[in-house]
Each structure stands twice: as structure tokens, then as C-alpha cells.
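Enquirer: Pulled from Swiss-Prot, these are the listed features:
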CROSSLNK  Lys469  ubiquitin cross-link
CROSSLNK  Lys472  ubiquitin cross-link
DISULFID  Cys243-Cys311  disulfide bond
DISULFID  Cys272-Cys333  disulfide bond
DISULFID  Cys313-Cys322  disulfide bond
CARBOHYD  Asn79  N-linked glycosylation site
CARBOHYD  Asn102  N-linked glycosylation site
CARBOHYD  Asn134  N-linked glycosylation site
CARBOHYD  Asn205  N-linked glycosylation site
CARBOHYD  Asn220  N-linked glycosylation site
CARBOHYD  Asn235  N-linked glycosylation site
CARBOHYD  Asn247  N-linked glycosylation site
CARBOHYD  Asn321  N-linked glycosylation site
CARBOHYD  Asn417  N-linked glycosylation site
LIPID     Cys3  S-palmitoyl cysteine
LIPID     Cys7  S-palmitoyl cysteine
LIPID     Cys464  S-palmitoyl cysteine
LIPID     Cys466  S-palmitoyl cysteine
REGION    460-472  region 'Interaction with PTK2, PXN and LYN'
SITE      Tyr463  site 'Critical for TLR4-TLR6 dimerization and signaling'
TOPO_DOM  2-7  topological domain 'Cytoplasmic'
TOPO_DOM  30-439  topological domain 'Extracellular'
TOPO_DOM  462-472  topological domain 'Cytoplasmic'
Amino acid sequence: MGCDRNCGLITGAVIGAVLAVFGGILMPVGDLLIEKTIKREVVLEEGTIAFKNWVKTGTTVYRQFWIFDVQNPEEVAKNSSKIKVKQRGPYTYRVRYLAKENITQDPKDSTVSFVQPNGAIFEPSLSVGTENDNFTVLNLAVAAAPHIYTNSFVQGVLNSLIKKSKSSMFQTRSLKELLWGYKDPFLSLVPYPISTTVGVFYPYNNTVDGVYKVFNGKDNISKVAIIDTYKGKRNLSYWESYCDMINGTDAASFPPFVEKSQTLRFFSSDICRSIYAVFESEVNLKGIPVYRFVLPANAFASPLQNPDNHCFCTEKVISNNCTSYGVLDIGKCKEGKPVYISLPHFLHASPDVSEPIEGLNPNEDEHRTYLDVEPITGFTLQFAKRLQVNILVKPARKIEALKNLKRPYIVPILWLNETGTIGDEKAEMFRNQVTGKIKLLGLVEMVLLGVGVVMFVAFMISYCACRSKNGK
């Protein structure tokens, strides 16, 4: 009887030890299985989970616009007063709803090339008004004229055309005209062939972005989705030195197994440069743990604050010898037009940039850019891209509409908020196929290890107690 009891206790202890060992072994084996599965499914080729969602995003993406309506146009034009603006919006469009086109795999270098069609559909139910709402804004053509044509004689000729067309420093335009284009009366009088259509995003609809060529991850998963070339080049030809390089992905996804310590680099054709985001916090998105990466203030800092930005300073006058910060001159990318990009309401911009403008209220939560990245797969499941489009206007002696200005202004035209969040159905699928399985595997590992250890310890204690009792 004593032997049977002792044998049973030893058997229980052995079973517990086996369970504990199996649970311990399952941890690295399970991690290897997860890693192998993830590496297979994030490759950008036909048949993988990543490829299906990469070709056409399953996320509804909206682009909201807020227009800066100028309240005192005559006062500014006559007296060079501060520009008073009133933000109006949002006006919402659905974008990025078209699938990638001309998708071509190249097995020689493990890349896939494509173009991304552009399109925008107005969403009245998500907007405060219609596309026909009017705004008083800077006259884009008049403001750009002295930048593109610096010769004083040519400016004199342009001045006569501006007067003849009854154009001035400011104009009234509908939302649709301002965003997507209108025939400019001044440019229509220019006696040689030029484009007479002007718009902040003209041309956009029925155009494509690319060609992009990205690594598909087939031979090296750590390079998946990273851009190899854009429009056939590895450099942009807009900036000096390393600032001109095309770095990272397009921000829709990143190589898997993202760490908090990483700097996520991505290229944005909207701002004509590569940029980066850093880890801020952990976020629970519809039951999925994600890492929130944010665009740091340092990305738009002056070279004095961040020496790495020295090659983004392209001129010395407006930038106060490269000491101003928070704005980026992308004129070279826009055919010489004086376009400046910033965060909305000049968030993180130097006082000399925002001082001439009244009515701005920068807010970190509303105006910053962030990416919510699922760290195991590297997929961006939620994002908010926020940026502001500004036009530089400065005094021009030969152009009467601008001759009364006493200083240059970087005038905010509009700011946009492009957002996308994984849908409920996609989130459930993601939980079931990825995070749910990983949690279940982790739970099984811990249960086996925990139960095994408890059984082993309990049975061994009982066995020792029995032996001690029998010995007496």
C-alpha cells in the first residue's frame, strides 16, 4: 500500500515535471513558429495576407480640409498689417480608395513596382458645407509671379497683365476651385504657352503617384516594403547631401517585429522628402496592442536645434540665416512656386513665422502626425497625417498688388487631416488570425509551465512527507 502511494506520488511528480519541461520547450518553439508564419505572411507577393491588403487598402481613408479664410484682405494689401484668418471646416473627401496599378514583380532583385492612382470623392455628410462654399485666400498666381520671374522688366510686363485682369493680392474662390484647380484670369493673358490652371492640389484626380519600386521581402524580410526607387531614382534632386535620399517605406507598413527603440523612417511625396517617427506610447486599438509613433518637433527644427536638418535649409533670407524653424520650403519640388509645408497652425514653428498671422491656435493633440503600428507584423492599423500648405508672398516693387508690403509673409492657405483606422471586421480578423493566436499560445505555455511546476512541487512534498512518516 505504501509502495503504491509512493509510486503514485512519484508518477504525479514526473508528470508535473514533464508538463513544466514541455511548457518551457514550447516557449522558444512557439516563438519560432510565430516568427516563421509572420515572415511568410508579410511578404508582398500573391497569396499572402499582406499582399491582399497592400494592393487595395481595406481601411477607409478620409482627408479633411480646413481653409484659412482671410478677414482683412484690403488692410493687408494697403498697410502690410497682420493677416487675420478664420479657420473653416472640415470639408471631407474620401481618398486612397483605388487599388495599386501596374504591379510588377521582379524576382531578380526581390522587388515589386507599382503606381498609386489618385482620386478624391467629396463626402457631404462629413462636411460643414459644400464644394461651392467661397473663401478669401491669397491669390496664388499673383503671389508666385515675382518668385518665378525675378527680372524687373518681366515683372513690369506681368504687372500690366495683373492690372488688366483685375487681379489683386487676395481673391475669392470656391473650395472646389481652390483645391482642384481653376482658370486664372491673370495667367490667361500671358502671351506665351504656360499652364493657366491653378489649384493647391492641381492636378490630382486621374493622376498617379509613382512609379514606386519596393522590396517584397522575399529574400530579406527586414527590407519588406522599403522603397528602392521612386520614379526610377534613389534620390529626389531637391535637396543637398543625405536629405535628398529616399528612406524607409511609404508608412502603410514597416518590416515586422518593430521595437520601441526604433526610428521609423518613411517617404512622403506630399512633402517631397523622407521623414521619421519615434515611439511615444502603447495603445489598445480595438483589442489590438499597437505602438504609437509620432512625428517629433525635431523633424522640422532649424539646423541650430538639429544639425541633421542643415541640408533642408535652401535659402538664407526668409529663414533668417537658417534660424527659423517649423516650416519647409518645397519650392524646388513645385516648379519654383513659393510653397512651404508646416504642421497645422504652425505647430512647433518659430515665433517669427507665426507672428504676422492672427487667428492661429496650435494644439499638439489636434495637429500632430502619428502612426499606430502593430509591432509583430509591422502593419500601420491607424494613422493621422496632418500638414499645412502655405504660400510665401513678399514685397515686389514692380507689381502694384504687392508693392505696399513691408515684409514677407508665409501665408497659411489650408491644413489637412488624412486619417485611416482599421475597420471592425478587419480588426476582428486580425485578432483571430494574429494577436488571438499569439495570446492563446502564450496562455498555453504559461498554463503548462505553471501547472507542471505546481504538480511537481506538490507531489514531491507529499512523497517526502510519506517517506518521513513511514520511516518513523
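Backbone N, Cα and C atoms are what each Cβ position is placed from, and that goes for glycine too.
Tell me what's around each of these sites.
Expert: DSSP gives Cys311 (disulfide bond) a helix state.
A sphere of 10 angstroms centred on the C-beta of Cys272 (disulfide bond) encloses 19 other C-beta atoms. In the three-state DSSP assignment, the secondary structure recorded for Cys272 (disulfide bond) is coil.
Taking Cβ-Cβ distances under 8 Å and a sequence gap of 6 or more within the same chain, the neighbours of Cys322 (disulfide bond) are Ser302, Pro303, Leu304, His310, Cys313, Lys316.
Listed in sequence order, the residues of the same chain lying 6 or more apart from Asn79 (N-linked glycosylation site) and placing their CB within less than 8 Å of its CB are Asn404.
With a 10 A radius on its CB, Asn102 (N-linked glycosylation site) counts 12 other CB atoms from all the protein chains.
For the recorded site, Asn134 (N-linked glycosylation site), the DSSP three-state label reads strand. For Asn134 (N-linked glycosylation site), the same-chain residues 6+ apart in sequence whose C-beta sits under 8 angstroms from its C-beta are Thr172, Arg173, Ser174.
Asn205 (N-linked glycosylation site) falls within neither a helix nor a strand when secondary structure is assigned with DSSP, and so counts as coil. Counting Cβ atoms from all protein chains shown, Asn205 (N-linked glycosylation site) has 13 others lying within 10 Å of its own Cβ.
Sequence-distant contacts of Asn220 (N-linked glycosylation site), defined by Cβ-Cβ distance under 8 angstroms and a gap of at least six in the same chain, are Ser110.
Residues near Asn235 (N-linked glycosylation site) in space but far in sequence (CB under 8 A, at least 6 apart, same chain), listed by position: Asp244, Met245, Ile246.
Sequence-distant neighbours of Asn247 (N-linked glycosylation site) (same chain, 6+ residues apart, CB-CB distance under 8 A): Ile227, Arg265, Phe266, Phe267, Ser274, Tyr276.
Under DSSP, Asn321 (N-linked glycosylation site) is assigned to coil, being neither helix nor strand in the three-state scheme. All protein chains included, Asn321 (N-linked glycosylation site) registers 12 other Cβ atoms within 10 Å of its own Cβ.
Its Cβ placed at the centre, Asn417 (N-linked glycosylation site) has 20 other Cβ atoms within 10 Å. Under the DSSP three-state reduction, Asn417 (N-linked glycosylation site) is assigned to strand.
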Enquirer: Give the number of CB atoms, excluding that of Cys333 (disulfide bond) itself, located within 10 Å of its CB.
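Expert: Around the Cβ of Cys333 (disulfide bond), 20 other Cβ atoms lie within 10 Å.
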Enquirer: Can you tell me which of the recorded positions Asn102, Asn205, Cys311 is spatially closest to Asn417 (N-linked glycosylation site)? Compare CA atoms only.
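Expert: Checking each of Asn102, Asn205, Cys311 against Asn417 (N-linked glycosylation site), the shortest Cα distance is to Asn205.
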Enquirer: Expressed to the nearest Å, what is the distance separating Asn205 (N-linked glycosylation site) and Cys272 (disulfide bond) at their Cα atoms?
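Expert: That separation, Cα to Cα, works out to 19 Å.
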Enquirer: When you rank Cys243, Cys272, Cys311, Asn321, Cys333 by Cα distance to Asn102 (N-linked glycosylation site), which of the recorded positions ends up on top as the closest?
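Expert: Its closest listed neighbour, by Cα, is Cys272.
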Enquirer: Measure from the Cβ of Cys243 (disulfide bond) and count the other Cβ atoms within 10 Å, all protein chains considered.
Expert: 18
Enquirer: Helix, strand or coil at Asn235 (N-linked glycosylation site), per DSSP?
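Expert: Once the DSSP labels are grouped into three classes, Asn235 (N-linked glycosylation site) ends up as strand.
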